[in-house]
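Positions annotated as substrate binding site by Swiss-Prot, on the basis of sequence analysis: 26, 27, 28, 42, 65, 66, 67, 68, 133, 166. Per Swiss-Prot, ATP binding site is recorded for 217, 308, 339, 368, 369, 370, 371.
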């Protein structure tokens, strides 16, 4: 079902002036030991929603998690909250700089301190509440905690796509008390690309799936086989497919309990007329190390004591040829161990190919996780049509699953 969005709410003439709007954002940003934000991408991604609400005269109340502050004592089971290094205070400072207006910071997300900050807001002003995960009730989706959080506001906007696959109090629980509950601009964009591009694609539609294990991508591959024209596989998972065909893989990573599954996926692709491409050559190493000895070999000539850590140059050429003329390309997962420069060439070549395709008019979608890091490493993030901000959420949406944080929103 289609969900209400902030865009549709504003265009319908809904008056937000003076309304207290609780916005669940994703400010889970990396901090250095001094508490400085090392990457503000997620904060920038939330700006359109915040600015639209402020311009409409709303009182904007932002909430988010940061890190995993809850630590359980293994021996006693006692819960401790690690506040050090997990406070959203640095985010309030950065947000104020980006918005060009003050951002009031509440030292808690519920209770008298939060209430005082919210009640001091004028129309168009912005406040940020402290980390919701400082309360164990957040991840337990506790109704009473959700009610307290919701009591600060009149309506709810979910703009935290990266947390949409979790049924937590601040992503799903609050919608029981706040209506309308709508998708912010970022969430709307993610749904448009990750769902829309696969349900109603411009064809040919190709998907590139990488990563080390087949087991983590089974759901995605199975769903994509029903939708795509071409499926290109890379990363460590390819060795399970080779071994399923009786090709020796040396010391490469193989999930021996997934050999039958790999065979059935290949058969499914054939039956559906999907062009399934596996690499024809690989870069192998004598050990898993950035300084390992490396050589490029055919997949039929992997030495017994070596392991494959990247796709080879012939595979890159074959993949590039297969992608030519594709109108939509979805990419999730690297082609090799791109953290080691020696085994990053395959991933970087695919990133450059997608950037070229985008320039030629194709829709390119980087579906979250490591492939985003890879594209950023090569400096091509701005050359793609859409870069997903989610990790697990992107994967689950590509699998066709309903995300709790989206399911809880008001119907359009």
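Positions of Cβ are set from backbone N, Cα and C atoms, glycine also.
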According to DSSP, which of helix, strand or coil covers residue 308 (ATP binding site)?
strand
Going along the chain, which residues six or more apart from residue 308 (ATP binding site) have their CB under 8 A from its CB?
236, 238, 239, 249, 250, 252, 282, 283, 284, 302
Residue 371 (ATP binding site) in three-state DSSP notation:
helix
Cα separation, residue 26 (substrate binding site) to residue 371 (ATP binding site) (Å, whole number):
19
With substrate as the bound species and 26, 27, 28, 42, 65, 66, 67, 68, 133, 166 as its recorded binding residues, calculate the greatest Cα-Cα distance and give it in Å as a whole number.
18
Let me spell it out: for each of the binding-site residues (28, 371), count the other Cβ atoms within 10 Å of that residue's Cβ, using every protein chain shown. Which one has the most?
371
Check the binding-site residues 65, 133, 217 for other C-beta atoms within 10 angstroms of each C-beta and report the one with the most.
65
Here's one to test understanding: among the binding-site residues 217, 339, 370, whose C-alpha is closest in space to the C-alpha of residue 67 (substrate binding site)?
370
